[in-house]
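**Student:** Take a look at the following structure, please.
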Amino acid sequence: MTTAVEATAQVVEAFGKPHVNVGTIGHVDHGKTTLTAAITKHYGNFVAYDQIDKAPEERKRGITIATAHVEYQTEKRHYAHVDCPGHADYVKNMIVGAAQMDAAILVVSGVDGPMPQTREHILLAKQVGVGYIVVYINKADVSDPDMIGLVEMEVRELLSKYGFPGDEVPVVIGSALKALEDDDGEYGKKSIDKLMERLDDYVEVPPRSVDLPFLLPIEDVFSISGRGTVVTGRIEKGEIKIGDEIEIIGLKATQKTTCTGVEMFKKLLEKGSAGLNVGILLRGTKREEVERGQVLAKPGTITPHRKFKAEVYILKKEEGGRHTPFFANYQPQFYLRTTDVTGSIKLLEGKEMVMPGDNVSIEVELQVPIAMDKGLRFAIREGGRTVGSGVVSEILEWV
């Protein structure tokens, strides 16, 4: 299956433009889906409101999420855009990363101003590493102009509170419904043009995975007589070629080695790059010194850790999750990249227990260290079934 990052390279080739993943966030009924429909009408292949609202369900890491995917383009860029019909779907999508966002369009009603889900989505966007937010104040055609000014101030304060540059964030004022109805006024189609301009100018194109430091999660290890130890896996990012120094990280003490060969389907390659399933031959490394769950990485680019903070979503009973709540010191398995590791959960102040269907911040202490950095996604499993999903929001101890 093609990942979003691999797809980026293909999209640039297909459209001849840089690619950015965006999504709409914000409180229920503030107009996220109407705005999505309006953007497609003027910048893509039109997708009607009810088609977006009846988004098909996808399964990702054992969790079912309803997400609508649309695409559109400006003169400068190609955008893939995700919109979720329900609040629970937003929360799950942002944590599970079914559709990763480089930037979010925060939709706020000019009539109501920021509401509880507005806050929750901003906080989640920060926790899961969404880099940029552009604001669209909607329903301006039926709002008091003074009220719109207050809403903008409030939104900027809220963004600053949660770690975004509230003073710099672009704010566009308009009416998604007017734009959908082809209104030529300031709040109609012109507001969509302005929003697209702000996205183009404010949001930076993320680096492609192939330009990042090399990382390969180890899936299997073989010993080939006369040649040495081969590890296999899919290159998550970067490139590797013969002669490159690499580190083996996680589960035990970090080891240094050198790549003496890159193979794919029994063919020798000059180099392996992001997205490819390869075998890497390691110099002087014994079969028993390497195992599934470790990673190969460019030296000094990733370190092993046991303690971290995470933002998690716990599945409901109907989603195949737990039937009962859990309490502090609950010890499930954490499936990180290619392996399960047992860990203990600490609940943050004021939280006595976690119910199925909850979205919470937790602290985790794993029994063994795993190569990780902020933004790593994982599944929470119990007896082989997925009971939750999460994303690392902060590393708590440095080995």
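Quick reminder: no glycine exception, Cβ is built from N, Cα and C everywhere.
Quick paste of what Swiss-Prot says about this protein:
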DOMAIN    17-208  domain 'tr-type G'
REGION    26-33  region 'G1'
BINDING   26-33, 83-87, 138-141  GTP binding site
BINDING   T33  Mg(2+) binding site
REGION    62-66  region 'G2'
REGION    83-86  region 'G3'
REGION    138-141  region 'G4'
**Student:** For G26 (GTP binding site), just count the other CB atoms lying within 10 A of its CB, please.
**Tutor:** 26
**Student:** Indicate whether G26 (GTP binding site) is helix, strand or coil by DSSP.
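**Tutor:** G26 (GTP binding site) sits in coil per DSSP, no helix or strand.
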**Student:** Give residue numbers and ranges for long-range contacts of the region 'G4' (138-141): same chain, 6 or more residues beyond its ends, CB-CB under 8 A.
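**Tutor:** That would be 30-31, 34-35, 107-111, 148, 173-178, 187, 191.
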**Student:** State the non-local partners of the region 'G3' (83-86) in its own chain: residues 6+ outside its ends, Cβ under 8 Å from one of its Cβ atoms.
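**Tutor:** Same-chain residues near the region 'G3' (83-86) but 6 or more away: 23-24, 32-33, 36, 52-55, 65-68, 70, 93.
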**Student:** List the residues of the same chain that sit at least 6 positions away from K32 (GTP binding site) in sequence and have their Cβ under 8 Å from its Cβ, in sequence order, or write 'none'.
**Tutor:** T24, I25, G26, D83, V107
**Student:** Near C84 (GTP binding site), which residues of its chain come within a Cβ-Cβ distance under 8 Å, counting only those 6 or more away in sequence?
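**Tutor:** For C84 (GTP binding site), the qualifying residues are G23, A55, I65, A66, T67, A68, Y90, N93.
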**Student:** What are the non-local neighbours of T33 (Mg(2+) binding site), defined as same-chain residues 6+ apart in sequence with CB under 8 A from its CB?
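**Tutor:** Residues satisfying the criterion: T24, Y49, I52, D53, A68, D83, P85.
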**Student:** On a count of neighbouring CB atoms within 10 A, which of the binding-site residues D29, H87, A140 is highest?
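**Tutor:** When each Cβ's neighbours within 10 Å are tallied, A140 leads.
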**Student:** Looking only at DSSP and grouping its letters into three states, which state does C84 (GTP binding site) belong to?
**Tutor:** coil
**Student:** Using DSSP, how many residues of the region 'G2' (62-66) fall into helix, strand and coil, respectively?
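**Tutor:** Tallied per class, the region 'G2' (62-66) gives 0 helix, 4 strand, 1 coil.
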